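Engineer: According to Swiss-Prot, the protein has these features:
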{"type": "TRANSMEM", "residues": "6-26", "note": "transmembrane segment"}
{"type": "TRANSMEM", "residues": "51-71", "note": "transmembrane segment"}
{"type": "TRANSMEM", "residues": "105-125", "note": "transmembrane segment"}
{"type": "TRANSMEM", "residues": "128-148", "note": "transmembrane segment"}
{"type": "TRANSMEM", "residues": "182-202", "note": "transmembrane segment"}
{"type": "TRANSMEM", "residues": "219-239", "note": "transmembrane segment"}
{"type": "TRANSMEM", "residues": "245-265", "note": "transmembrane segment"}
{"type": "TRANSMEM", "residues": "270-290", "note": "transmembrane segment"}
{"type": "TRANSMEM", "residues": "303-323", "note": "transmembrane segment"}
Amino acid sequence: MGSAMVLSMSLLGFLPYAVFGPAIGVLVDRHDRKKIMIGADLIIAAAGSVLTIVAFYMELPVWMVMIVLFIRSIGTAFHTPALNAVTPLLVPEEQLTKCAGYSQSLQSISYIVSPAVAALLYSVWELNAIIAIDVLGAVIASITVLIVRIPKLGDRVQSLDPNFIREMQEGMAVLRQNKGLFALLLVGTLYMFVYMPINALFPLISMDYFNGTPVHISITEISFASGMLIGGLLLGLFGNYQKRILLITASIFMMGISLTISGLLPQSGFFIFVVCSAIMGLSVPFYSGVQTALFQEKIKPEYLGRVFSLTGSIMSLAMPIGL
C-alpha cells in the first residue's frame, strides 16, 4: 500500500471529527447523551458487520475500507464528546482528575496488549473473524451504556437556543469567557501541532536512524504505552493535587526535554531513546487527563458537548497541519 493511500486512510480517521465536530457538539447537547453513545456504538458495529460479511466472500476493496473508516470516525466524533460530557454527571467533582488518570491507564493497556493479540489472532483466524471481534466489542459497549443510569439534564437542554449556528458559536463563547481554559486550548493545539509529526516519525527513527527492525518499533511503542500506563495510575492515585496547572506545565516540560534528548542521540543510543519514549508516555496523562478534568469542572454540563467537540475539532485540525 502506497504512502499516499496510508495518509488518506489516516486522514479519514480524524478529519470528520475536525470538520463536523462543532455541529456534532450541538446535537450532543440537544439530545439524550446516553442514546447518542449507544447509537454511535451501534453505527460502528454496523459498519464493521458490513466488512465482516464482505471479507467472508472476497478480498476487501480499499474504497470500502475507507468508507467504513469514515463512518467509524463519525461514530467516534459523537461518542467521545458525549462520554466526556456525561462523566461529571456520574463522577464527583473532586474525583474527576483521578477518573481521567485511570481512564488513560486503561487506554494504555489496550495499546500494549492489542498489537500482540492482533498478531496472534491474525496468525490463526481469518480477517473477517477478527473484524467480527471488533463488532462484538461495539455491541458490548452499547449494552454496557444501556444498563448504566445516566442523569439527564432535563430543562437545561430544553432551554437551548433553537438557532443551530448560534448554539455552535456558544461553545467558543463559553471557552473565551474562561481565559484560563481558552489559553489551555491554545497550548493543546500547539502541543498537537508539534508532537504529531514527531510521533509519526517514531517508526522511521527506529528503523532508519537506529538501524532497527520491526521489533525495535514495537519496543518503542510498548515503552511509550507503559509510561502512559504508569502516568495514568499515578494521576489516579494522586489526582487530588490542587496545583493542576503545575502538572500540565511539568508534563509539557517532560515531553520537551525527552524530545530534545531524542533528537541529539547518536545512532548507538537506541536504549536511551526507549527510555525517553517511556518518559514521553508518562507525561501524557498529566496533560490530557488533567485538561479533560478541568474542562469538566469549569464548564456547565449543558455546554460540555459543544466544548469538547470544539476542542477535539481544533486539535484534530492541528494534526494534519503539523504533519
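Glycine too: its Cβ is placed from the backbone N, Cα and C atoms.
So where do these features actually land, and what's packed around them?
Structural biologist: Sequence-distant neighbours of the transmembrane segment (128-148) (same chain, 6+ residues past either end, Cβ-Cβ under 8 Å): 34, 37-38, 41-42, 44-45, 48-49, 51-53, 55-56, 90, 118, 121-122.
Within its own chain, the transmembrane segment (245-265) is flanked in space by residues 180, 184, 187, 191, 195, 198, 205, 235, 272-273, 276-277, 279-280, 282-284, 286-287, 290-291, which lie at least six positions past its ends and keep a Cβ under 8 Å from the stretch.
A Cβ distance under 8 Å defines the sequence-distant neighbours of the transmembrane segment (270-290), meaning residues of its chain 6+ beyond its ends; these are 97, 100-101, 103-105, 108, 188, 191, 202, 205-206, 210, 212, 216, 219-221, 223-232, 234-235, 244, 247-248, 250-252, 254-255, 257-259, 261-262.
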Engineer: Are there residues at least six beyond either end of the transmembrane segment (219-239) with Cβ under 8 Å to its Cβ atoms? List them, or say none.
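Structural biologist: That would be 95-109, 111-112, 115, 202-203, 206, 247, 273-275, 277-286, 289-290, 293.
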